[in-house]
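Below: the structure, in structure tokens.
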Amino acid sequence: MTNLARLSRTDWFGPLLATILAVLLIQSLSANFLSAYNIQILLLAIAVNALVAYSQMIIIAIGQMNLSVGAIGGLAAISFAGAMEVWGLPAPLALTFALLIGLGCGALNGVLIRITGISAFVITLATLSIFKGINLGITEAQPFYGIPEGVKRFGGAVLVGPVPWLLVPTLLVTAILWFTLRRLPVGRFILAVGSNDHAAGLSGISVGRTVIIAHAISGLLAAIAGVLVVARLQIGQPSIGDDWLILSFAAPVIGGAILAGGHVSTTATFLGVVIVAIITQALVLFSIDPFLVQVVLGVLILAAVGLNKLRAGAATGGR
Amino acid sequence: MSVAPVPSALPESSSDGFARLSRTRFLLSNEFGLILLIAAFALLFAVYTSGFLSVFNLFSLGRNAAVNIMIGLAMMTVIVTGGLNLAVGAIGVCAAMGCGWLLQILGLPWPVAILGGLALGAGLGAVNGWMVVRTGLHSFIITLATMSIFFGVMIFLTRAEAFRDFPEAMTAFGKMRLLTYLSPLLLLTFAVALALAWLYRFTVTGREMLAAGANPAAAELSGIRVGRAIILCHMLSGLLAGIAAMMLVTRNGAAIPSMAGQLGQDWLLPAFLGPVLGGTLLQGGKVSVLGTVLGAFLVTMLSSGLLMLQVGAFWVQTFLGLMLLVAVLLDKARRSWLARRNLA
């Protein structure tokens, strides 16, 4: 009993339970759900969406928000595709270029927030429009089609059975991120700044540097997500990233992240992404309207923040 | 230039008795800076582009400004409480589609349909406000969720199809020109802005909204029903978003589900540009209706002028983002300069 109580207090237990229940329920209603083809589609969605969610999660960890996640991802995506088509760069160089762009955009957000002291909301709203504008200015809303065969093959390849290669970078990032937030000083600094930046500053943590690092990581993760989408779609669409905003908040919040900062969980966020993917897939499977996906995402966010609040109240003895 | 003399609604300007000091203050204020900027850019565009001062351009500029100012005011009413309303675009589109549905499917007369659409906007805003008050969560996350829900339900119900059969009377209003270049939409916007300025300056409800935004705990202790004030602010925001959407409908002659982009996100930038340029504090408690009007007008004029300078339609968004950035930086510098001189 005490074990169960302790489990219920961890972030990943609730989402895991919900995931298992959802899988069992949907499988019992539709035998197709766990077919190899369906699982592959699920995993492809998870591969990209998890990175998008992490990109927001790391900013939620420092108690801020990043509206420009999608714009950075889109800019990195078209840089990746454009560098290969227009400049004829080999894929690894183009990849490095795109990731550097993402890192730079994120760091720029962090620097601006730090030196001006203006709320992250306003700064990232401004950079959202700047990055998106640069994207549209370069592409004039036309996609890049000249993606090399190697990248296309990577986007469609499977590792074993239904597991796509695209999932590999995501799993690596998940492990690195988990280790960073759990064990590395910089990860602990990020969480400390998020829970109380004043106290963190007094204990010798450079708050400014930590904020900039967190934003740089966020930009990098968004860029990886953008590149993966290019590999999957096999074209460099300028509209990549346009619909990431809601999703990027939904998964961390379902994973128990506290928006005030200082408390996030990589595994629970991953499970949050899995839940969103399963529900989206179920809506398609039962041929319920795909338009309703947005409604479901919104309801999920509301339910999750409500639950988190109840949980926080219970943990502190009810407030 | 058609900037009407809307009275400033700064709370402190009502309490000073020293004409000289208040004049210095006005010269140092955000509003005066914006007027200078508007004049400077108008001159620049008039000299360097042909046709900026043409009757047609002034008319379309006024029409666009009317909508942008209204969107800015819709966000402003919530910023007053220290919150945000990410759902302005979604509510606006819902109101427009609701109006189209009442007209086309139920066959109601157009004044009733417009009122119905506006009521829907106000209702959705009230839902936002009620949830913010009841859950005690920040309005950012609530309105992020409801923007997705409202927009999703709207798309689901309408099957993403536009309503196009609007009566002559409505579309004629959008095309009407007074004095050859003035759009009645702009006059409507100014009337709403005046009403808001009056609300925040002279009515108990308006003062209560400001107090609830400045310091909720203190407001509660002085007998203000903070929850009710916040719900009212969100309702007002929904109503204004609905009016902005109706103006777009009369202009386009159709209610289109994508008229504010995916989830209504395209309205977010203009919605924040107006109030932030106009010096409305994001922390709440302070409002400048005149500033919001001027800020939104400046933004509209810049987008139109940049297009005429042949900057390329795709780069305009970058410039608007840069402008928001420069504006907040300048405002910060101005504030710290004023603080050093003990003027503010």
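Yeah, the Cβs are placed from backbone N, Cα and C, and that goes for glycine too.
Here is what TrEMBL says about this protein:
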TRANSMEM  A:12-30  transmembrane segment
TRANSMEM  A:36-55  transmembrane segment
TRANSMEM  A:67-87  transmembrane segment
TRANSMEM  A:93-113  transmembrane segment
TRANSMEM  A:120-138  transmembrane segment
TRANSMEM  A:158-181  transmembrane segment
TRANSMEM  A:211-232  transmembrane segment
TRANSMEM  A:292-310  transmembrane segment
Maximum Cβ pairs under 8 Å to the transmembrane segment (A:93-113) - stretch from the list A:36-55, A:158-181, A:211-232: A:211-232
Chain residues outside the transmembrane segment (A:292-310) and at least six past its termini with a C-beta under 8 angstroms from it: 14, 246-247, 249-250, 253-254, 256-259, 272, 275-276, 279-280, 283
Stretch in A:12-30, A:36-55, A:67-87, A:120-138, A:158-181 most in contact with the transmembrane segment (A:211-232), if contact is a CB pair under 8 A: A:67-87
Winner by Cβ pairs under 8 Å against the transmembrane segment (A:120-138), considering only A:12-30, A:36-55, A:67-87, A:158-181: A:67-87
